[in-house]
Structure formats: structure tokens, C-alpha cells
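Encoded as C-alpha cells, the structure appears first; notes follow it.
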């Protein structure tokens, strides 16, 4: 009978047993190789947040998500204090998933640094810090602003004095009189995005008004503006000129690598100053842009080499000003090497290492399970289970902090051969070497014992047991055959595994390839024969300079000839498409002795080298080698470098290339300058001496342009012809010199208001020969002894106007010369122009106009021929709509006296126009011609075409068709269609015209194409419709075209009938 005491005792025993067993059932196996869990890995970390103080949204969400098995517990820290939501509930904080939500944020309580902590049984990781700051933008003071008084022609600065704010990054604009009439910055007005001030380089009378500074914070979505500042220009009888004066100066700037940076520079002055940028001792970075008429220099994707001193230069005819400052480029930390999840045996050694790059150089510290754990490298001499956990490597400098996380798992287990047993069948070649691997899974590392049958094996001159357990046997023979057993044991247990060793006949090369010399284009055979064990298969592998020849891909020049012992010849790689064996570079043969000769067809210089033939079985191999030399074109010279640089010459040096068996006869130097249009636009250079023989390794390159960027290359010539070019030299720039080229086509004329107009064809940039290139325009009356002159600093300028009226009935001489920082160059031929006394007295005759499109027309007239003092300098053409426009607002075109026709543009469609032509000279306009009347054409239809395409079943043809478009009563008649077939990314292509509404093309082989279709009308071309086409190679598996599907459908219908 069971008493209550006995029952109580039994129940107590089971409860104790359950308590003892429970941890083993539910606790993860974190120290076992079979453990399947893993520590926390962040998938989303909190980000820096700016919360607007007056935001209508009354919460902040800090996101955090971690992947882990078992799932991680998420906690949050604020300013190094844990937010204990369970123990100390807070009405402001709540946890949603792993995200921390802050309701009704308070600046005093909730601003600071937040960290997310994720933890499970494998360890703990902490996120990178995220700051919460409260953004604000205060109002401007309500005090009235003092008016700004400034003389007309002088510069002015309107101070913004922005209110306090966070963040400091805001957008500045200025309001003129009323909101939202914003000032648009131009060459005369500039708004600094650093201070907010507005700068007016030259004040004009029209600038009078009230100006308010407008500040916008895109981060918090708020804008404020100041009280108006009255600007009161003082009108001057004679507006004075002032030299350039830089008022906006970019400060010493620190930029982060890969970011974009903008430098500001603006000057006051009259005339308006011209702004130029340069980098001292180097060119501006290739990725720069200039905007705001030169006031802003944008450096895109800044690199470390962009660091340096930058200079802003402003100039006008009254003077020049310049400013320079340093740009420093630094970088936030980036990983060059970081830690990864690691599993190590207990008791083993380990070094954890992280390397980060940045500027300044980041420093490294470590965290283990969220706590500080040292600096630099972490070294473990003997790992224990306590070393397991989540490790974080932290790299930081003043520009940022980055984290790398990894799990270290220290494990142990008894030896087992389940996953990697000793091979059951072991083969070894007679007199060769055999290694039998013994690699059980075990931790800590086990001790190893080997037995052959029942014989215990120990280290000797022929046998060696390696530290990893493998058994090495040297000079094996038939007597070494038998079964071998590996025993492994550690403190967790022991195990063993057995394999059987069989000894085969050794493989030997019987006929080896011999050294050979060939000429380019020859065909040759390298012989190779081998003997081997008849129970095995053999493979012949050929290499050249350690490169394995692939007979599948290299079939054009290489072929494997195989001969087995029955003397049958077989060839591998003839077609290049047949796979001969399991590997395209190998061929398997059976027998006792076989050959695998190498056939080299149409041999080239690149095929010269050290060839090796390897006869390979699964047991051993044998190798024989031979050298093949090829006579042919010389190889490229090496190390082309510039040693001495002048203005028109450089000293060039190089190393001799390979002559490939034929003596070098000559060297040729080629150059490519900065303005080469094509990457392969190389030109043969002039050298001293003129002829460079094959032994020369230096030369002087002459007749170069000064101040030009060049690169050089060299090639050699032998009896077979010109060889391969060397690699280009480093780009260099020749020294500067005075210009030697004068402007051409210098023409002078006196304008309608009596001003002198001088035009010329600008000098090409390659003839600038130095910095600060410009033009000197000189002119004088015939009887004067001294020339009046002025400088034009823009090298692209082709026109100068002297606005003072010229003395009537005078001969004027004009010439233009060039200059740069080295001095003045030659002058052009003198051009003679006459200042007329009287305006032309005759009107152009027979004015005739013809429509071209709905917005363009051509007009002709008979020229006016008059002798002094009424000669003609040019013609003025006016045109306006007869009933809709005011004649005073007519459009005007002015042409030179040598022209008697021109094109009229920007006309209104379907309109009645009047056209008038007048001759003019410096004394004024002549009488008008009779009005020519014409009607512009109706406009083309404005509707887009609907375009369709399909591809033929065999993919050889592309069919295109579109809906025919009909014109309305007020539109031009559609005469046909234009189809432009062009490659994507290119502007030009092949143009087709047709009167039908369909067309077909041969299907392109490769690439992407754009087809443009538009209506062709007498009033011009209609809008463009585009369709994209992919070449055959881009298409997927063959599919039925529309036409094919229709044919099949009809066929099925007939079968159904």
C-alpha cells in the first residue's frame, strides 16, 4: 500500500529531476559545434533626428531592428543611462517592436544621445549613437532697419543679420518690395549662402526699393523674413567707374571626401567684374563646375588630391582683386579590414584585428557584449568558453564613428569522422610520396595515433605523422600496401577511421618537347609522350608561362594531337565547339603509353614562352618543359618618361623593348595633346636627331606648342614592320612663351550710332602659349601718329565696341594683337574702315520673301552700292505682323554689307507679315525699302503619333507602323513622315522619309536603338514619338510575333472546321 509519505517522496524526487533536466533541454547549445543559434545582428539602427519645437506631430520614433536566434531583447539608453520602461514606466517613452517612441517630446528631458542595445544568450551589441536635437528658427527683430544710401554705379551690401537657429543650414533669399517677389541672383546681384547678405556689384537707379532677408529652414519646414531695408540710390550726372573689390570671401574650408563643396567669391565694381577661379600649382579638379556667373565654384565628389590653395580673381577695366584660401579634404572612417563571425576550438589561439582608413587616421577600440574591452588588436593565447560573445570594433575620428560586429563562439566536441572520414580507397605511385589525411571534427585538438593493420606506426625517415594528424609516407613501394587506421582522442572522447592503400606504376615522360624557334605565321608541333599504369586514365595538360591552355577557347591557335598505343591519331579542338573531355584543356586516354602532342597554328609573337607538358593520372604526374621563341614584330618599349621640359621641346627617355629575334631598325615617337578629339589621335613627333635608330633610348622632341599638355609614346620597327606602342607617358605641360599667332579676319565697321565695331576670328586655344591670354585692340585715325588701344581679357571674345562716336568722313585703321603672361604677340594685318559723313540715300530694291516653315522665312534684296560719303556698312531687316503688332516693336536682324539674304525666325504661324530692309552706316539708317508682304504657313499638327512595332518570327526584320494623322483646318497638310533610326545615347542616326504609315528595317544584331517618328508638313515637322528597340542579342528565347500568332490562330480555326 502506498502511504502519503511515500507519494510525497516520489513526487519530490521527480520535481528535483525535472529541475536538473530543464536547463539542458531549453538552454541553447552555445558551446557545441551543432549549435544553430546566433547572436544579434542589427538590420536597422537609429538615426540622428531633428525635431521642430513647434511641430504639430507630437512624437519622435527612434527605429531599431535586430536579427537573432533566439530573438534579441531590445533596450534603450539615453545619455549613458538605461531607459527602464518596465521598472520605471514613463508617460513619454514607449517601445513598439524594438522602436522607441517619444510622445510629447520635451527639450529639457529628451534631447541627447540614444543607443539601442540588443541582447540574447549569445551576446550583446550596441548600436551607433543617434542624437535627438530640437530644431528652431527664431523671428527677426521687429526694429526698423536703417536705409542704405549709395551712389549710382557704386557697390552696396545689404546685411541680413539672421536670427538664431538650429540647424544652421538654411536657405537665404531676398524679397524686393512685396512677397513673393524674390530677387533672382545674376552677374550684378549675389546672395551669400554663408552670411545671408546680398551684394550688388553696381547699383542702378532702378534698384530703389525695400529689401527683406528671407530665411528658410528645409529641415524644420519654417521660414521668416526681416523688416525691410530701404535702398536709396543717389543719381549721378556722370557714373564713375570703380575697380573690382572682393567682398564675399570663402573661409578656410574643410570638406569630406566624396562630398560636394561650394566656394563663394563675389566682387563689387563698375563695370561688372569678371570672376575666374584657379588652383595654385595645379589645374582645377576635373569634376568642377562654375555657376552664378563665376561667383560659385562647385567641387563635385571631392577627392583627397583636391586639397590645396584655391584662388578667386576678379577684374574689370579699372583694376583687379584676388583672394586665396586653403581647402582641406578629410574623411570619415571607412573599413579597410573588419571582423567576421568566427568559430574556434577551446584552447586555441586567436587574433581579432580591424583596420580603418580616414583623415585624420581613426583610432580603434573594442566592445564585448556592450562593454569596453581594449584597443588595437585583441589577442587570445588560449581561448576559453568565457571568451565567447558579441565583439564590436569601433573606429572613430572627429568626422564620425563606425561599428563592425561579429560573434566569437568557442566550442568543444569529441572527435568524430562522420563528416570527414579517411578515404576508403587510397592510391600511391611507386617510389613516390603519399599523404593520407586524418581530419576529424574535434575540439579541443585531439591526439593522433596511426596503425597499419595492427602495427603501430611512429615517425621515421620514411614516415611522418603531421601536426594536423595526416600521415606522410615517402618512397612508397608494393610492401606499403594495406589498411591504415587513424585514431583521434581528446578529453571529450575518441574515434577512428580506416582506409586501404594500393601502389600503382609511376607515370614517366618518354618523349619530351624540345626547344624550338619559329617565325610569325608558322605552324609547329611540340611532342610529348608518357608511360603510365594500365589500370589508370591519363590526361595531358599543356601550359605556357604557367597559363593552362584551354583548347575550347584557344582553338584558333592551339590543338591537341593524341596518339594511343594502337597508333590511331585523334585531334582535339579542331572545331572549337566540341568538348573533348570533362575539362576542355585536358584529354583522357587509356593504355600503357600515349602521346599528347601540341599543335600551334599561325603562331604569333605572344605565343613565345616556356611550355610545359604534364602527363597526369589521379595518382601522380610527370612534367617536361621546352622554350619556344618566335621571330616577329618588336615588342613595346618600356618606361617612357619625360626628363627635361622646355617651352617647345622635351627630353624623352625609354627602355628598349624585345626585338623578338630580329634586330631593331628604328624608333618612332608619337604625341597626343590636350585638344586631341579622339583617344587614338596620335601624331608622329619631330625629333632631334631626326632618325632614331634601333639602339637609341632617348631623344629630344621638338616643335611642340608652349603651355600645352602632352603625353608621349614610342614604338620600334624591325624587318617585320612596326611593333606595338608603349604605354603613354605621364601627362606633362610645356613651359609658357609669348604668343606667335595673331587673330585673323579682322574687320572694322562703324555702327548705326557712330560707334566703332571691331570683329575678329579668335585664336585657337592651342596657340594661347600661356596663362592670362587676351587681345589688344588698337585703332587710330589715318593722320594720327599714336594708336588708341584697349585689352580684351576673354580669349573667346570675337567682338569689341568702342562706344564713343567717330569723327565723320574719316579713315580709321584697326588691328588686333594677342598677349599672355609672358608678353605681347604679333599684330594682325591692318584693316581700314571709313567713318561716314552721311547716311545711305538709297533703299534696297526687289525685296522678296518666301516661307520656309510656319515660324521661319527667307528674305532677299538687291544690295545698295554707294561711294563715300554715303557708303553702306550693313543692312537692317525689320518684320512684324501687319494687323496684330505695333511697328515700333518689330523684330530686327542686322547683317554685314556683304550679305543680301537672311533667315527670319520666331515668327507666328498662319500670320500676315510686313518686311522692311534698310541700308545703314555710322551716320545712321538709309531710307526703307518698299514693304514686302508674306503669309507664314499653318503650323503642323501638334498631336503625337501612336507607334507600334513587332519582330518577324525569324528575328531578321523589325516592322513599324503608326496611326495616320489628319490635319485640322488650321493646320498644315501632312505630306509624309520622317523616321530617325539612331543608337541610344547618340544624337545622329539614319533618316528615312515615307508617304506611308509603316516601314520595316533589318533587325539590328546588338545594342539598344531609338526610333523617332514625326509628321512632315509644309509648315514644319510635328512632335516626335519615340519607341525603343533591343538588338537580337538582347532578346530572350524565341517567341512568336504578332503576325505568326495570327497565322497560327487561323490555322487552328481551319482545323476546327
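Positions of Cβ are set from backbone N, Cα and C atoms, glycine also.
Database features, via TrEMBL:
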- 40-133: domain 'Ig-like' (DOMAIN)
- 141-225: domain 'Ig-like' (DOMAIN)
- 243-316: domain 'Ig-like' (DOMAIN)
- 333-412: domain 'Ig-like' (DOMAIN)
- 415-502: domain 'Ig-like' (DOMAIN)
- 507-629: domain 'Ig-like' (DOMAIN)
- 636-737: domain 'Fibronectin type-III' (DOMAIN)
- 742-838: domain 'Fibronectin type-III' (DOMAIN)
- 843-941: domain 'Fibronectin type-III' (DOMAIN)
- 1-20: signal peptide (SIGNAL)
Mean per-residue pLDDT computed across the domain 'Fibronectin type-III' (843-941): 89
Structural state census, the domain 'Fibronectin type-III' (742-838) (DSSP three-state): 3 helix, 51 strand, 43 coil
For the domain 'Fibronectin type-III' (843-941), the number of residues DSSP places in helix, strand and coil: 3 helix, 47 strand, 49 coil
The domain 'Fibronectin type-III' (636-737) - residue tally per DSSP class, helix then strand then coil: 0 helix, 48 strand, 54 coil
